[in-house]
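Now, the feature entries from TrEMBL:
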type    : residues         : note
BINDING : C24, C59, C94    : [4Fe-4S] cluster 1 binding site
BINDING : C169, C173, C176 : [4Fe-4S] cluster 2 binding site
DOMAIN  : 15-131           : domain 'MTTase N-terminal'
DOMAIN  : 155-387          : domain 'Radical SAM core'
DOMAIN  : 390-452          : domain 'TRAM'
Amino acid sequence: MTETTPTAATTQNLRTLHIVTWGCQMNAYDSLRMADVLRPLGYREVATDDADMVIFNTCHIRERAADKLFSALGRLRAVKDARNGRMMIAVAGCVAQAEGAEILRRAPYVDLVVGSQAYHKLPELIAAVEAQHAAVIDTDFPAEQKFDFLPETQSSQGPIANLAIQEGCDKFCTFCVVPYTRGAEASRPVAAIIAEARRLIAGGAREIALLGQNVNAWHGEGPDGKIWPLSRLLATLADLQDLARLRYTTSHPRDMSDDLIQAHRTNPKLMPFLHLPVQSGADAILTAMNRRHTADDFRRIVEKLRNARPDIAFSSDFIIGFPGETDADFAATMALVREVEFALAYSFTYSRRPGTPAADAPNQIPASLAHARLMELQETLRNQQHAFNRAQVGKRFDVLFTGPGRHPGQIAGRSPYLQPVVVEHANLAQGSIHPVTITSANPNSLMATLNQEQIAA
Ligand code: SAH
Ligand code: SF4
Ligand code: F3S
C-alpha cells in the first residue's frame, strides 16, 4: 500500500526506535514491553523522532485524544520525507485497534497498524512490511494472551514500577471504547506476575503498581490451580522482600469486594490511596451509563474503606455532560464530591465515541453547558486537592526517593499518596525510603525535611 524503502530496516545492526506514548498507564507499560520485543532485533530507543522506526502508542478514550494521532502523523511525514522514506511508521494502541485500515486511508505513509493485543507479533509484522514493501495491519484479538508470548520484562523502570496483571473489560459502560479497543477481561496467572515482580525488584523497584483496565476484577490462576482474588495476590506480593509499597489501579466500584477492602486494613504494604472512578453522583445518569452501581453504593464503599484504613485518600474520574444530565443530576455529582472529598480527580466533558451506545442517545448536552458545569466541578476538585495537600503540613510519613529534584541540592520522591515530595540539601540514594516531616504544600507537590532520627541513623 505504501512504498517502504527497506534499506535501514533490513540490516541486522543497530536501528533507532522512537516510541510516543499517549493515554493511560497501561499504554506506558505496553510501550516498555514493545521496546523489550524490539531490542533483540537491534532496535535501541532514541529521544527524537528522526529514527528508523517510530511507534505511536495511541489512546481512543476521547475524541481529542484520538485526534492527536493524525496531527502528529502529519508532522512526522515531513521527517520521513527528509529521510527519503527510510523510516517505518507504526501506529499501535487503542486508535489502531479501533480504526485499523482507516488510519492507512487517512495517512498512507503509515507502514504498520498494530492493535493492542498483537505486540508480541511485532517482529513478524515488521518482517512482513519489509518483505512485502507494503503496509500491514494486525488488529486481531488472538486467542493466546499476548502476555504469555511477550519476552520477559527487561526495561528497568526504577524505584516505582508498573506491572500489568489484567487487561480488557466486560463492563460495557455506554460511553466507553475500552471493551472494544482492549477486548474481553483477561487475568494473568499468579506465577507470571510474581516472576515479573521479582525481575522489577531486581531492577530496583521498591513500589509496584498493579495495572488493569479493571484491575480489581482480576481473578488469576494460583500455583494451587485455584482462582485467586486480588486480595490474595496482594498478600503474596507483600511477602516479597525489598518490595516496600503496593498499589493497584484502575478499580471499578462493583468489584470492590469485602476481602479487597479488608486488605487495606491487613496488608501493611498497600498504600492508603485508591483511584476509584465514580463518573457521576446521579443515579439516573449512573444507570444510563450502565455503571450498575448507585451513588449510595459508592458512598458505602468509601465508608467501608475509611473504616478499614482511616488514613486512606481517594482519587476519582468524572464525566460531565453525559446525555440527559439535568441540573439536578449535576447538583447530585457536586453533592457527592463535597461529601467524599477527593485528594485528586480527573474530570472531562463527555465525548461521543463512535460505536458506543451513548453516542446515539437523543438527549446530548450542548458543549457550552457541559463546559460550564465542568468548570464548576473542577474548581471544587482543585480546592479539595489543595486542601488535602495543605493538610499534610506537619505530618510525618515515609517518602520513597526517586532522584534529584528540579533545583540543585534537592532530592525528590513520592508520598504514600503519590504526591511529589521535595527535600532540600540532602543526598539520598535513589530507591531509599526515609521518614520526613512535611513543611509546606504547593498545589501539586510538598516540601519536607528529613526526620532527625533518620539523619542520625
Ligand atoms: N476502567 C475505568 C476507567 C477507564 S477509562 C473505570 O471503569 O472507571 C478512564 C476514564 O476516562 C474513565 O473513568 C472516564 O471518566 C473517562 N472516559 C471514558 N470514556 C469517556 C468518554 N466517552 N467521554 C469522556 N470521558 C470518558
Ligand atoms: Fe470503560 Fe466502564 Fe470498562 Fe471502565 S468499566 S473500562 S469505564 S467500560
Ligand atoms: Fe486510552 Fe486505550 Fe488506555 S483508549 S485510556 S489508551 S485503554
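Cβ atoms are placed via backbone N, Cα and C, with glycine included.
In this structure the alpha carbons, written CA, of C176 ([4Fe-4S] cluster 2 binding site) and C94 ([4Fe-4S] cluster 1 binding site) are 12 Å apart. Fewest Cβ neighbours within 10 Å among the binding-site residues C24, C59, C176: this applies to C24.
In this structure, the C-alpha atom of C24 ([4Fe-4S] cluster 1 binding site) lies 17 angstrom from that of C173 ([4Fe-4S] cluster 2 binding site). There are 22 other CB atoms within 10 A of the CB of C169 ([4Fe-4S] cluster 2 binding site), with all protein chains counted.
C94 ([4Fe-4S] cluster 1 binding site) has a Cβ environment of 26 other Cβ atoms inside 10 Å. Secondary structure of the domain 'TRAM' (390-452) per DSSP (helix as H, G, I; strand as E, B; remaining residues coil): 2 helix, 31 strand, 30 coil. In this structure, C176 are the binding-site residues from C59, C94, C176 whose C-beta falls under 6 Å of some atom of ligand 1.
Excluding the listed site residues C24, C59, C94, the same chain places W22, G23, M26, N27, T58, H60, I61, A65, G93, T181 with Cβ atoms within 8 Å of the centre of the [4Fe-4S] cluster 1 site Cβ atoms.
Residues from the binding-site residues list (C59, C169, C173) with a C-beta closer than 6 Å to any atom of ligand 3: C59. Neighbours of C173 ([4Fe-4S] cluster 2 binding site), defined as other CB atoms within 10 A of its CB across all chains, total 22.
Across the structure, C173 ([4Fe-4S] cluster 2 binding site) and C94 ([4Fe-4S] cluster 1 binding site) are spaced 17 Å apart at their Cα atoms.
Secondary structure of the domain 'MTTase N-terminal' (15-131) per DSSP, as helix, strand and coil residue counts: 63 helix, 24 strand, 30 coil. A Cα-Cα distance of 16 Å separates C59 ([4Fe-4S] cluster 1 binding site) from C169 ([4Fe-4S] cluster 2 binding site). Close to ligand 2, meaning a Cβ under 6 Å from one of its atoms, are these of the binding-site residues C24, C59, C94, C169: C169.
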